[in-house]
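Read through the structure below, which is laid out as structure tokens, and then see the notes.
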Amino acid sequence: MSQISRTQSIMATTAQEHLETGGRINWLASLNTAFTPARNFRRTSIICTIGPKTNSVEALNKLRDAGLNVARMNFSHGSYEYHQSVIDNVRASVAAHPGRPVAIALDTKGPEIRTGNTAGDVDIPISAGTVMNFTTDEKYATACDTQNMYVDYKNITKVIQPGRVIYVDDGVLAFDVLSIKDDQTVEVRARNNGFISSRKGVNLPNTDVDLPALSEKDKADLRFGVKNNVDMVFASFIRRAQDIKDIRDVLGPEGKQIQIIAKIENRQGLNNFAEILEETDGVMVARGDLGIEIPAAEVFAAQKKMIAMCNIAGKPVICATQMLESMIKNPRPTRAEISDVGNAVTDGADCVMLSGETAKGNYPAESIHEMHEASLKAENTIPYVSHFEEMCTLVKRPVSTVESCAMAAVRASLDLGAGGIIVLSTSGDSARLLSKYRPVCPIFMVTRNPTTSRFSHLYRGVYPFLYPEQKPDFDTVNWQEDVDKRIKWAVTRAIELKTLTAGDTVVVVQGWKGGMGNTNTLRIVRADPDHLGIGQME
């Protein structure tokens, strides 16, 4: 049986098919739309928000079986006791059924602008054409009415201008700014009918606001995350690179391994995206608030631009918000929602995210299943060789030794029709760079670091394997012997999981000695349970 035919039984498409088909258009024209990809090889990770419907070990087991990779906690809601229970339940689920690691993400509330409390805490009716005031006068903080609506952003009169728009309650109500009456009052006119309740969110599109990156609540939440060893922080309403630095300062040395993912949710963040990308560990295209702050039609282009910039930088990117929203109530998604997931995958997103679908929806496991299926199909449409060639032309030279090895490993995997790439990693950086070049085959990352094994779910195509044996004393154990032992273990495990077929060619990426930053060696071995060929070139 040929190498190509063996690999074809495992992978959606083979390297040889990619090489022979040519350009992107010809590749797409030759797609077999009825092809069923291997169910155990999904490159894109799935992030799920954990809520009351799913916060139990039993429910989490079902989500993991359906395809959960990262469990998200939304700190806009819930007490510390509740979030502690989520963390405990996720870890209990993993302990009971080890399998692949599950990462835990803390999503911050972030700096927000909100209205005050209405008088008597009753909904205030608003009619189109109504002229009223938005004010920072504290006497209206608990007594909002149809004439004066309190907002808790003291500098609103300094940053807003006549002709701008103010949105309330996620854009349900829109107000045109007529004038700045004094240093506390903005005069507005309602565009549409509706109601305002207490403490509703306020958006100021196309306006640079000077809110701090972190509220006192956010700082306390981050300290809670450090204490509980969360794997990543989804940082809300990031506007500038300094915001990321401020978060790192709060996380401190104890939280240095926590990955910071910048949520881009406003025009300011979009305008400053290049500097934010340089500072952050990854990005979330948070389309909910972004779709209020900028025209909805522009979000489509912004998504593609940000994902492409992340791909070029080799940093993970998440696409989020309302991806399968209808499944909160319905057992099946709309065709438009499936297309939205597929579009995010083909754009180049490393992860896709579910919010209300798994936090409060009636069909949480089914939502993950649908996202899993949509991602698999979409991944099969990507011309990986074309992507690799373009990435090689875009990389800034000279590159690091580690990145040079990653490029060479992906090239070798394509030329050999390899069934997989095995990378031995401590920090996860080698796996991240391999993911950047999008090989056709899976990337099996072997690490002794539990945190690295979890946050590597951020990288597309990376399968984290947590090696169970402790690091030996290399004064008494030969370094290469330990390397060979880890490679054999990874090959055996990948075959057991049916993500690798016995006899496949495997590209191995390793270091010449222990520690981070020493990756500089490629080896070619054969996956054979009886004779893996370790220790010799084949």
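Numbers here mean position along the shown chain, with the first residue as 1.
Every residue, even glycine, has its Cβ placed from backbone N, Cα and C.
Look at S45 (phosphoserine): DSSP puts it in a strand. The Cβ of S45 (phosphoserine) lies under 8 Å from the Cβ of N69, V70, D350, C351, V352, H457, L458, R460, each of which sits 6+ residues away along the same chain. Swiss-Prot lists S45 with the feature phosphoserine.
A helical conformation is recorded for G288 (substrate binding site) in the three-state DSSP classification. Taken from Swiss-Prot, the feature substrate binding site covers R72, G288, D289, T321, and the record attributes it to similarity to another entry.
A coil conformation is recorded for T108 (K(+) binding site) in the three-state DSSP classification, outside any helix or strand. Within the same chain, residues at least 6 positions away in sequence whose Cβ sits under 8 Å from that of T108 (K(+) binding site) are F75, L214, D218, D221, L222, V233, F234, A235, S236. Feature annotation from Swiss-Prot assigns K(+) binding site to N74, S76, D107, T108; the stated evidence is similarity to another entry.
According to DSSP, N74 (K(+) binding site) is assigned to a strand segment. Look at Swiss-Prot and you will find N74, F75, S76, H77, R114, K200 tagged as ATP binding site.
Of all Cβ atoms in the shown protein chains, 25 besides its own fall within 10 Å of the Cβ of K263 (site 'Transition state stabilizer'). Per Swiss-Prot, the feature site 'Transition state stabilizer' maps to K263; the stated evidence is similarity to another entry.
The 10 Å shell around the Cβ of E265 (Mg(2+) binding site) contains 26 further Cβ atoms across the protein chains shown. E265 (Mg(2+) binding site) falls outside any helix or strand according to DSSP and counts as coil. Taken from Swiss-Prot, the feature Mg(2+) binding site covers E265, D289, and the record attributes it to similarity to another entry.
Annotation: R72 carries the greatest number of neighbouring Cβ atoms among the binding-site residues R72, H77 [cut-off 10 Å, Cβ to Cβ]. Summary for the binding-site residues R114, K200: the Cβ-based neighbour count within 10 Å is maximal at K200. E265 (Mg(2+) binding site) is 5 Å away from D289 (substrate binding site) when you measure Cα to Cα. Other than N74, S76, D107, T108, the residues of this chain whose Cβ falls within 8 Å of the Cβ centroid of the K(+) site are, in sequence order, M73, F75, H77, L106, K109, G110, F234, S236.
Cβ neighbour count for F75 (ATP binding site): 23 (other Cβ atoms within 10 Å of its Cβ, all protein chains included). The closest partner of H77 (ATP binding site) among the recorded positions, by CA position, is D107; the full candidate set was D107, K263, E265, G288, T321.
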